[in-house]
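K.L.:
Can you keep this structure in mind? I'll have questions shortly.
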Amino acid sequence: MLQTNETIKKLADKFGRKEESLLPILENVYEQKHIISEDDMVDIARELDISAAKVYGTATFYSFLETKKCGKYVIRICKTITCMMHGKNQIIKELEELLKVNLGETTPDGLFTLKETNCLGQCHKGPAMLINDAPFTELTPGKVRDIVNKYRQEEKQVAS
Amino acid sequence: MKEQVNLKIDNLSVSVDEGTTILEAAKKINIRIPTLCHHEDLCVAGNCRVCVVEQAGLDRLQPACANPVSEGMEIFTNSLKVRNSRKQIIELLIAEHRAECTTCYKNGKCELQSLTNEYIVGENGFIPLVPLKGYTVDEFSPSIIKDDSKCIRCQRCVRTCDQIQSISALTVAHKGGEMKVSTFFEKPIYEVVCTNCGQCVNRCPTGALTEKVYINEVWDALYNPEKFVVVQTAPAVRIALGEALDMKPGEIVTGKMVAALRRIGFNAVLDTDFSADLTIIEEGNELLHRLKRALKDKDPDVKIPMTTSCSPGWIKFIEHTFPDMLENLSTAKSPQQMFGALAKTFYAQKMGVDPANMVSVSVMPCTAKKFEANRPEMRASGYQDVDYVVTTRELALMVKQAGIDFGSLPDDDYDSIMGESSGAAVIFGATGGVMEAALRTVYEVVTGREVPFDGLNITPVRGMENVREASIKIEDPVPEWDFLDGVEVKTCVAHGLSNAKKVMEAVKSGKADYHFIEIMACPGGCLGGGGQPLPTSPEIRKKRSEAIYREDSGKKIRKSHENPEIVQIYEEFLHEPLGHKSHELLHTNYVARQRY
Amino acid sequence: MNKSLKRLDLIFKNEHDADVILEKSLKRSNEELIEDLISSGLKGRGGAGFPTGLKWKLSAEATGKEKYVICNADEGEPGTFKDREILSSVPHKVMAGMAICARIIGSQKGYIYLRGEYKFLVPQLNKTIDEFHELLDKLNLDFRIEIFLGCGAYICGEETSLFESMEGHRGEPRNKPPFPTDAGYKGGPTVINNVETLAHTYSIFKYGPEKFKDLGVKDSRGSKVFSVSGDTPTPGIYELEFGMTLQKFVDDFGDGDAKAVQVGGAAGFCVPRKKFDKTVIGYKGKLTGVSLPTGGSMMIFNSSRSMYNVLHNYLDFFVEESCGQCTPCRVGTQQLLLGIEAVKRGDKSSLYLEQLLSLAETMRITAKCGLGQSVANSFSSIVENFREEMIY
């Protein structure tokens, strides 16, 4: 038998081994690993003693619980009505050029994943996006460049 | 006594118990409301919305399957609003479904198809979604085929896998337009914890889940003059086959089935019931052997309780779910596999047939048997012991293909040898039957007397209760078994894997102290198997069960050890239960599988 | 332009007297408190408009071992962003409402179900919760609040899918009955209220029901926080009185060229210019388009906007955010989207719009939950009022 990995075990200790703990555990696994992998789902199933298929079915229901590897920073641009009206397509184009990836893709350095998302609740300040949990609003192409550069620079500083 | 609720449905008054659904109330006065996601064996879903009805005073329609009745309620099941909505919902389902009915295995037996027929769903429907979705068909399993393009998301299969079987190999994944019925990470069925029981197949209203069909392979063997094709028929086939051939549930068609198989062209028409009797001898002796080691020799290594091993769905379930309890399983193979191993050895020798040219076919009420026949352990004869497994449903199709008017067939008898059986073997087809058959033999071996039940009918182990317990006190045994004197042998019977799980968890935690447990993967036992005629319901299973016990009581021989062919095979070939030959051919081992 | 609508300041007024209000309220009987709520006429501010006092009363009367108070902060309706602001600036009002509700119904456990998109609010909110717990300890009220974080699913704003989600399942709506007041989270009687509703209960307990009732019109009492977006020079959050006509609203917030207002988000109604002066914002028994309820979303479109694009955006949203469980919603949303595309391309004739309208009506009367039922609101109101834009 495989040993349950430490991450999952700790999360199960923290949130409890009940079905109600499933979402918090999944959310935390994603936050730590930028993916909820097949192996992790099996381990979660084992800890909570529920079927692995149920874990998969639940995870795939929620758009923030990614089952494919994402970058360290997931950029989610709101595509809903008012952000669309205020030019989200331009922002996406700018980001695609800046990051040299298309929507849905991750940069080769594993830093950024570019995605669209439904309403972020920032409709009065569109276009808006989230980078991981942090909201950015009233975006312009220039503003987006600055934000991405800031993230890149911070990464460089951390690396050096 | 529950409160009575009075309501009107289509202007007819009806009075029903509080808590009754609109659907049930309508049924009571013979008003049929169409359903798709609803199934008597499952919890209410309220997904498909086909059963919507109009309630006076309410703007929105109500799902009849989900909503309980209330006093003074007025329901209309066929108003203009209902008809229009219902038709449109059916059209939506058709738009989502690969409606290529003529090439579908479920053609003529599809619940969606019959609704489109009733509501005359024409061509001016909606935009077909199937071409936009890139669906795949999972054909890798030897038992079950899953075709997502025919799925209408009613989730009957998901609920079956969860509620009846407590497996949840199937789940719902994704949401919105992408929502689908899926396995873990969309893996093929054969790679996940599926037990192949086929209960999902029994409840799928369309052709999205079907058994893997081996009819053509069987015909090919029959047409091949080089091949000697033997067929065995499981106990539960003879009481259900008629349903798929225009007869009512509960009709016993043993003789007609044998006649049909002979007409179809099998070289030998033999009976799994024979090897069911053999199973009782082997498994019964194994039980006594284990009890002796446990109670007399005080051997700490022997595993009690012993559980039955006839049901391949149960075997795969325990391999996944309780891999540390495999030693509790009887090592005796299932009757199908005992038969298979003997057909290409003992029988081939007797008949002077080269086993290399023998094709062994079995007719089973079961989809898991297809998987079982393909297990690598099942090649004791030097060949694959059972070559092809067809379900009761497939046999019915073969009968039709052969142009046989089944109802008018005269009764025929099985060939000998390996065609004779006792009533004890017949009841293998019902939950509790293996237990009853084993007790009839074991009690007599131990005491020299018949089981102390009127007419050999051990009624405490019969019925449809989820879990049944019975104990039988051994008194005044013959000298060889004197250590059992005064011992109360505790037995337990469970059917449906969620019940099996409960029992095994009780055993594991030490809460239960049974000696012998019978487990059947399917509700009702094999008579409710995943390969049986459609539809299935508690009522239909009850009729089949009654037929099985009728067949038993009509048999001249009621106890396995009195079957003369069993006596003969031990004299000529096997020599003794649990002997060398038995171990080689009739016993097996199990593998631990991943739990999640 | 002359701003004619009176701005109110009940919700956002910075009042640091949660301790006083709580202490005062907890001294009163449950019956008195419920009576205050009922007579105030407060209705749910999430959009559905169920009377709040009645909801609390039903839960108080329900029997069950564990009862729960849940604050629904899964604010996902396009064009709605007021709850985020309320939780950012006056969270103690919301929590005070939850605590009083807990005392009334007999609950020890409360949750704030916060949408994943608002995760950035968690640190500050948790700080407030800790402070609030200290206050509860002082007042001897055995009640604890915890944040439950959503993971990105619009449907979880529907109360029963929210429960499913909290229980570790897919957020699929349940059949009703039973209703949450009888059997909600983990089967226990549950009061689930929108963020704004709970904040209003605080004001009602502070100022008394009369002050609240004096605002608004007949069926729609009190003030309402509106989220104003789209083609407006002044997007943002505004607390206004119920009962204004849409014309007054547009005069106040429009850019002078408004051709339509979407009231209530993607699940709401689209009102064309010619109906502005006949449309009143407020709850009403029947959604005829004369009186419109809203969770607060007011999106203004000017004449440069293609209403086809607007509708396409909504439908795209619904196709993704439907839970997929029931046929009318799962397949219906896809058909509406593909259908308007086909008509626009000319693959289907304009008559196909009639079939789609009829489908939308079927969805309205047969879908399992509010999501599927309300797709028809925007679909029918846009297609009927801007038919040409759908075709050409």
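Going from the start of the chain as shown, residues are counted 1 onward.
Each residue, glycine too, has its Cβ placed from N, Cα and C.
As annotated in TrEMBL:
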DOMAIN    B:3-81  domain '2Fe-2S ferredoxin-type'
DOMAIN    B:81-120  domain '4Fe-4S His(Cys)3-ligated-type'
DOMAIN    B:142-172  domain '4Fe-4S ferredoxin-type'
DOMAIN    B:185-214  domain '4Fe-4S ferredoxin-type'
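Describe the structural surroundings of these features, if you would.
P.N.:
Counted with DSSP, the domain '2Fe-2S ferredoxin-type' (B:3-81) comes out as 9 helix, 23 strand, 47 coil.
The predicted model assigns the domain '4Fe-4S ferredoxin-type' (B:142-172) a mean pLDDT of 97.
DSSP places the residues of the domain '4Fe-4S ferredoxin-type' (B:185-214) in helix, strand and coil in these numbers: 10 helix, 3 strand, 17 coil.
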K.L.:
Using Cβ atoms and a strict cutoff of less than 8 Å, what residues sit near the domain '4Fe-4S ferredoxin-type' (B:185-214) while being 6 or more residues removed from its termini?
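P.N.:
Tertiary neighbours of the domain '4Fe-4S ferredoxin-type' (B:185-214) are 36, 39, 41-42, 97, 104-107, 110-113, 138-152, 154, 156-157, 160-161, 164-165, 167, 169-170, 173, 312-314, 316-317, 320-321, 366-368, 370-371, 388-391, 393-394, 497, 521-523, 528-532, 534-536, 593-596.
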K.L.:
What is the three-state DSSP composition of the domain '4Fe-4S ferredoxin-type' (B:142-172), stated as helix, strand and coil residue counts?
P.N.:
12 helix, 6 strand, 13 coil
